[in-house]
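Asker: The following block contains the structure, expressed as structure tokens.
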Amino acid sequence: MSDQPTPMMAQYLAIREANPGALLFYRMGDFYEMFFEDAVAAAAALDIALTKRGTHLGEPIPMCGVPVHAAESYLLTLIRKGFRVAIAEQMEDPAEAKKRGSKSVVARDVVRLVTPGTLTEESLLEARRHNFLASFASVRDESALAWVDISTGAFRVMPCPPARLAPELARHAPRELLAAEGANLDEIAAEAGAALTELPGGSFDSSAATRRLCALFSVETLDGFGQFSRAELAAMGAIADYLELTQKGRMPLIRPPVREALGGAMQIDAATRRNLELTQALSGGREGSLLAAIDRSVTAGGARLLERRISAPSRDLDEIHARQAAVAHLVDEPRLTADLREALSRAPDMDRALSRLALERGGPRDLAAIRAGLTQGAAIAAMLGNDEIAVLAEAAHDLTGHDALIDLLDEALVAEPPLLARDGGFVAPGYDEDLDETRRLRDEGRGVIARMQADYIAETGVQSLKIKHNNVLGYFIETTSTHAERMLAPPLNERFIHRQTTANQIRFTTVELSELETRILNARDRALEIEREIFARLSRAVLDRAGPVGQAARALAEIDLTAAFADLASGEGWVRPEVDASRAFVIEGGRHPVVERALKRKGEAFVANDCALTQGETPAIWLLTGPNMAGKSTFLRQNALIAILAQAGGFVPARRAHIGLVSQLFSRVGAADDLARGRSTFMVEMVETAAILNQADDHALVILDEIGRGTATWDGLSIAWAVMEHLHATNRCRALFATHYHEMTSLSARLPGVENATVAVREWEGEVIFLHEVRKGAADRSYGVQVARLAGLPPSVVDRARDILHQLESGERQGTGKPAALLDDLPLFRAAPAPAPAGKAKPSVVEDRLRSLNPDTISAREALDLVYELRGMLDGEP
């Protein structure tokens, strides 16, 4: 038995070796096949059968496969499970391969490397979320982060010190992160939920990056896009290099890069995003998040824009005010808002349709999406008219000027085109004469033959003339032998060409019939070929206007988000916040949008609360006390969410809101063990608190809940106390600080700007009623035992806890020492017995000599002599 692989398997192994780190989808007819380790891994991941095909080195070759027509669903599963997939297609027909020899293998090559950050297919993407590919680069003492969504063309870059990388990745949530080999970003990428791809250092060379980017955008210089640092160029260049690698030369439609300033958006770290559940609930799903509660967008582009605005609230006052003005205008025009939303709901996702067309992965439905989007855009622009609101006026302008392209697509496409161009049937009748004729031949071949037969009968006068078909002659004209003399004589013999004579019939053909036969036999293939040519022309026409079409797509998203904010504000009674450059934070009647939504579903009302952290230039801190379950955490979170909504450009759930720009938002609310890194809940809490104290500036908003609860009572109180003092003296920021340590309420008397607030409760016949009202003042009890009873602890445990609490409180009030005696009755708290006192030791000779001295009566010389004497005594002691 030979150890040499077959030619086909040798080809497979060569392609596999050229694409390390990826599963290889190897095209064989109607299937993508996988072999060896790839087959074993894919079969397990996809839950498909693992079979065998031949042998290699004496061992059976594992094999599995997936149908080409269903490949996308399998790709999605593999990508979600962390795999990369190289797709090797057949580059020629088997017939072409045979021309090179009977044993020649069909040429194959990888046409695409599918990775988490380079998806474009509709079935592989979440319509309402971006799919970012990010890149981090460092050049000397500079670092930068770039990110791109090749499914929409959005491309941005920003300076990014290493300390800011984790928060920025949390903001963008990329699916894949590119980094130089040895960058050691595994942990940061894992925290962000991104697949890490390490590239050679050459991919991050800033000089090569400039050349790559100029080639990508077909320009001589990047100066027209702005000035970029070497690190920014390196990060963007690595993306361009990676796209060239994964797309195999079919570069996506990428917009010119936009440079973001580091401080252009409210800074929100990963822990705060998680704690506030901005875009994802703690349970892992979208439901229960702020995004789910407020998303009333009706287009995919609008939904993606909303997620970006919530993830990165603006710090530009002009930008915030312009967005708010647009929302306010639509709030005042409910009829217009309803009409806009109805029209927008019929607008497809043009951004992603454009991207697929650019990558030659699009189909007729993508052309139809462009047609429908531009058509709806024109209607929306007409609705807005000459609107004077800047945001809406700019958007309306971008929706005009597309009439020629709309007319072209409308004329060329049927109303409901099929998914794939290869299936044909998407070009409208009347658009192309050749196609119409070809289709007529394909679909009405018998009718054409019948009409031609009638014409020939009229021309020859032979009523028995027939047009027939067989596999030898193809189509032919047949008459009985009695008409042979007439048919073979002039002038008919000049037109009717003799083909065959039998005993009873004579057969002819004509030039027209031969041409018709060829056209009929080739009509189906020709019709598909013509449609493919038309598809290519239409795609090019769209891509030639990719810039304006992309602007129109973004305009639709902007209008959709504005109308969605207006609909939300009108429906939920939200108000326009006053946002300025001050340090104010005054909320009247504030509500938590997610909790309020959940309560409404149950037919319950949310209790609104005020918050006032305005203290001029001094720190403004509320120290919030109150029982468990009273709503402290909800109050903390709702004020943070109100700040985010205000700076995102929307209205807020309150009666009135005045918010000075928030530069940073920090939240230390709730924690869990980080077992993977060996961190306890308390350690996680301390790490998050340290980040706040080390970073928060005087325009930050900080919310802290139960600092110090994970350790001993006095340790926890000490830490919480010190944290409060640091926030007040050093950070000097606006803060809400919730605690169960009632001793801390005394800080309000000695720290200017610190105020006590409490969540009110009422006791009624032994029951605790939570009022959920935040009032000025301090709580005197936590009602923990009552909450334990409500939670369902056994009555015996609740009664015992009440007794212990009573004794502890009595002892503390009276100073009798009873708490210590009580704790000694509890095994967990009983102190270990003190060791017996040791007997009194006998004094040494050195001690006796020192005691005999009077320091005031000896001279310097005597003191020096005494030192030598004492040293001699020490040396002589046993």
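The first residue you see is number 1, and the count goes up from there.
Every residue, even glycine, has its Cβ placed from backbone N, Cα and C.
Swiss-Prot feature annotations, pasted as is:
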- G626, P627, N628, M629, A630, G631, K632, S633: ATP binding site (BINDING)
Asker: Among the binding-site residues G626, G631, which residue has its Cβ surrounded by the fewest other Cβ atoms within 10 Å?
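Answerer: Least crowded of the binding-site residues G626, G631, by Cβ count within 10 Å, is G631.
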Asker: Name the secondary structure element type, per DSSP in three states, that contains G631 (ATP binding site).
Answerer: coil
Asker: I want to check the contact list for K632 (ATP binding site): same chain, sequence separation of six or more, C-beta distance under 8 angstroms. What comes out?
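Answerer: The list for K632 (ATP binding site) reads L624, G626, D705, A738, V759, given in order along the sequence.
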Asker: So for P627 (ATP binding site), how many other CB atoms are inside 10 Å of its CB?
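Answerer: Neighbour count, Cβ to Cβ under the 10 Å cut-off: 21.
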Asker: When DSSP states are folded down to helix, strand and coil, where does G626 (ATP binding site) land?
Answerer: coil
Asker: Measure from the Cβ of S633 (ATP binding site) and count the other Cβ atoms within 10 Å, all protein chains considered.
Answerer: 19
